[in-house]
Each structure stands twice: as C-alpha cells, then as structure tokens.
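Report on one structure; see the data block that follows.
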Amino acid sequence: MSSVVVVGTQWGDEGKGKITDYLSEKAEVVARYQGGNNAGHTIVFDGKKYKLHLIPSGIFYKDKICVIGNGMVIDPKALVEELAYLHDHGVDTSNLRISNRAHVILPYHIKLDIVEEDRKGANKIGTTRKGIGPAYMDKAARIGIRIADLLEKDTFAAKVAAVLEEKNRLFEKYYETDGFSAEEIVEEYFHYGEQIAKYVADTSVVLNDALDDGRRVLFEGAQGVMLDIDQGTYPFVTSSNPIAGGVTIGSGVGPSKIHHVVGVSKAYTTRVGDGPFPTELDDEIGDRIRKVGNEYGTTTGRPRRVGWFDSVVVRHARRVSGITDLSLNSIDVLTGLKTLKICTSYRYKGEVLDEFPASLNVLAECEPIYEELPGWEEDITGVKTLHELPENARTYVERVCQLTGIPLTVFSVGPDRSQTNMVRGVFA
C-alpha cells in the first residue's frame, strides 16, 4: 500500500497538474478530493496541450483508474462538456469513476455566485463565478443534491422543487432578478446525469480496495493551502479544504492510509483574485515574471498577481498539511534577474513574525523581511539534475528548502513534462 497527496503550498496555480501528471506514471489510481471546475490545470501529453477543470490528470493513462471523490462539487454540464472535449481528442475515459456522494452544482448555484459577487462590489471575494461556494453552502445546510439523487428522476425533481422555493424567493425579492423553472432544470440536468451514470460508483470502496490491494494511489489537490477555508487567508479562500487533511473527508480514505504529502510551489509566488499578498510585486520585475511565466489563470484567463517567494507562507503550508516533500516549479522563470529575494519573515509594528498571522488586519500591516540572493544568466531549461544547475540557481533552491524546512523531491525548469526532474522517489 502506497499513497501520495499532491497539494499546492501557495494560492493555487503552482503547477500541481504537471506534477500530478508526472507522478501519475508510477500511480495506478489518481483521485481528486475537493473543489470543482473552479480549478484549472494544463497537461501536456504526447506533445499535445490539454486544459482540464474537473477530471483528474491521470485520465490520459488507460490503465489507471481516475476518481472524482465525494468531497468535490460537480457541475454535470461542465463535466459532460469536458468528457466530450476528451473524446474529441481521442482520449478514452472508461477509466473514470465518479462518487455517488459528490454534490451537484446547478444553475441557481452559478447565478447566486454571480449576483452575490456583483452585489459586494469592491468587497467581492474574487470567486471564479462557477457556483462552487453556493453548492458547498447547500451541502453544509443539508439541502444539497448529490450525484445519487441526480440519477433518480423523481427524487431529483422533488429536491429541486423544494430548494427552488427558497432560492427563487431569494432571487426575486432580494436580488431583484428572475428565478428558475424546476421543470427545465430537471429535464436538462437529468439528461446530463444519464450521460455520466456509467461512471458513477462508491469511490470510497474503489480507493480503499486499491490501497488494501497494495496499489499506488495519487491524490490530486486543487487550489492551494492558502485558499483552504480553514487554514487560508479567510474570507479570501475557496469553500473546501485543499490541505492534505481534506483527502480523508473528500475521498473516504482514512488518515492512516496517507504516506507522503508533496507540496508544490513555484520559485516565486502568484495569486488570482482578491485578498492579501505580502510579497506582491507591482513593478517591472513583477511584469517580467508574469510575462515570462505566462501567469494567466487557466480557468479565468485573468492576469495573476506576482510576488517574491514567501517562506512564511510555505512554512505555514508545511505545518497545516503535513508536507513531507517539496516540488519546486518554474525555476527557469527567474533566469536573467540580477537579484532575487526570498521573504524569511514579516515585520509587524517592530515585531518579527515567523508564522503566518490569522488576522487580515495584522497581515495588511506586515512588511516582508527579505533575504537577497544573486541571480543567474545561464539557460537552465535543459537541466536534468541539481548538479547541472548554475551555482547561484542551486544556492537559491537550497535556500528555499532550508527556509521552508521541506526536503526537495521534484524540481522543474520549464512547462513541459521533460523539464520535470525527480530528485527522490515518493512511491514505495
């Protein structure tokens, strides 16, 4: 039995999809455990670039089971479209399994997300407007609709009708906009349910059977630790738990069966949407990193905010997620910068903070304390081992590991799979 969790250590977009795809070669089962189609990951397979939002990146390997776990919220329309996209590109999806306990995103969730963000104006959270938060709200309020319900038309119709009594009043009275027809939703979305029914299973059984049989299971996190609803920069967070602890809840696998947690990080920091960002760069260096690193959201297309590497953030991620291994990505993007900076701690009213504060008011007044390191000019995009890196690049990587307290397992020097390099194995 061997299991590995891949989590983002920052605010998402760290390159988890590529690392998951890379580690998928050794895995026999790949599972997602939280989030929905608000997550976007780009995978290069057989020379082709694919963008996925719901389906695990292991789908390209016919011999690997891919699981959408119970902790996810699924937009059936988006899922059917993503399946069609894969089929159009000749990808066999018969290895997909969808949890019958996962909750469903319906049109009223998406509309609620949009009108509420618009209502907040300047105080908006910066959601992807995909209905993720409202779906998780219904789940917590115990009025959510699950995949198992979607497949039973009478049950589905009764639940939608009951929920819309409240939702339509909310739309019409509070938001002063049109509500929805229960009949139209049921007809459209039951049809989507019919198209995905063959993939639906009790995925907790699938995953535990695989682990008990000694198979290698890879759990693929979405977003990042700093977007975790409990451990992130609340309220500028997602509505689920991307941390490794979310695996046990979102997949139905007990904590004793988790062995390695790979924390994925860029060699700098990015963030999409609103919220605090202590090391943000609003200058030419930030613009350069954004351009060279192609820092635009897979899901939203929005320019990502860019900043220096923040070891306070990644140490926080290590602690709350039990990270055992570091995957450091996009080192090549820093090539050509004369001086590099790493945030080692924060200064708050004369006090040095080594740990990430919970209060956003405190965080807003924190100034990053930087350590400066010399940059490098050499092209590193073809490097295969740490020893091949220029001395300054190697020193930078080593310092990141020292400041975060996480040993290096993987590093990448470019966007392609061939530019991802393993330092030590994670699967037994």
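Each residue's number is its place along the chain shown, starting with 1.
Using the three backbone atoms N, Cα and C, a Cβ is placed for every residue, glycine included.
The Cβ of Thr42 (GTP binding site) has 16 neighbouring Cβ atoms from other residues within 10 Å, across all protein chains displayed. For 12-18, 40-42, Arg304, 330-332, 412-414, the entry in Swiss-Prot reads GTP binding site, with the evidence type sequence analysis.
Here Swiss-Prot flags Asp13, Gly40 as Mg(2+) binding site, drawing on sequence analysis.
Taken from Swiss-Prot, the feature IMP binding site applies to Asp13, Glu14, Gly15, Lys16, Asn38, Ala39, Gly40, His41, Thr128, Arg142, Gln223, Thr238, Arg302. Taken residue by residue with DSSP, His41 (active site, proton donor) is part of a strand.
Per Swiss-Prot, the feature active site, proton acceptor maps to Asp13. A sphere of 10 angstroms centred on the C-beta of Asp13 (Mg(2+) binding site) encloses 27 other C-beta atoms.
Annotation comment: Swiss-Prot describes His41 as active site, proton donor, evidence class sequence analysis. When other Cβ atoms within 10 Å of the Cβ of His41 (active site, proton donor) are tallied across all protein chains shown, the result is 24.
For Thr298, Thr299, Thr300, Gly301, Arg302, Pro303, Arg304, the entry in Swiss-Prot reads substrate binding site, with the evidence type sequence analysis. Its Cβ placed at the centre, Arg304 (substrate binding site) has 21 other Cβ atoms within 10 Å. In the three-state DSSP scheme, Arg304 (substrate binding site) is classed as coil.
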Can you grab the distance from Gln223 (IMP binding site) over to Gly12 (GTP binding site)? Cα atoms, rounded to a whole Å.
4
In whole Å, how far does the CA atom of Gly301 (substrate binding site) lie from that of Gly40 (Mg(2+) binding site)?
10
Just checking the binding-site residues Asp13, Gly15, Thr128, Arg302, Ile331, Val413: which sit within 10 A of His41 (active site, proton donor), CA to CA?
Asp13, Gly15
Using only the residues recorded as binding IMP (Asp13, Glu14, Gly15, Lys16, Asn38, Ala39, Gly40, His41, Thr128, Arg142, Gln223, Thr238, Arg302), report the maximum Cα-Cα distance in Å, whole number please.
34
Among Gly12, Asp13, Gly40, Ile331, which are recorded as binding-site residues, the nearest neighbour of Thr300 (substrate binding site) by Cα:
Gly40
Out of Lys18, Thr42, Ile331, the binding-site residues in the record, which is closest to Pro303 (substrate binding site) when you go by Cα distance?
Thr42
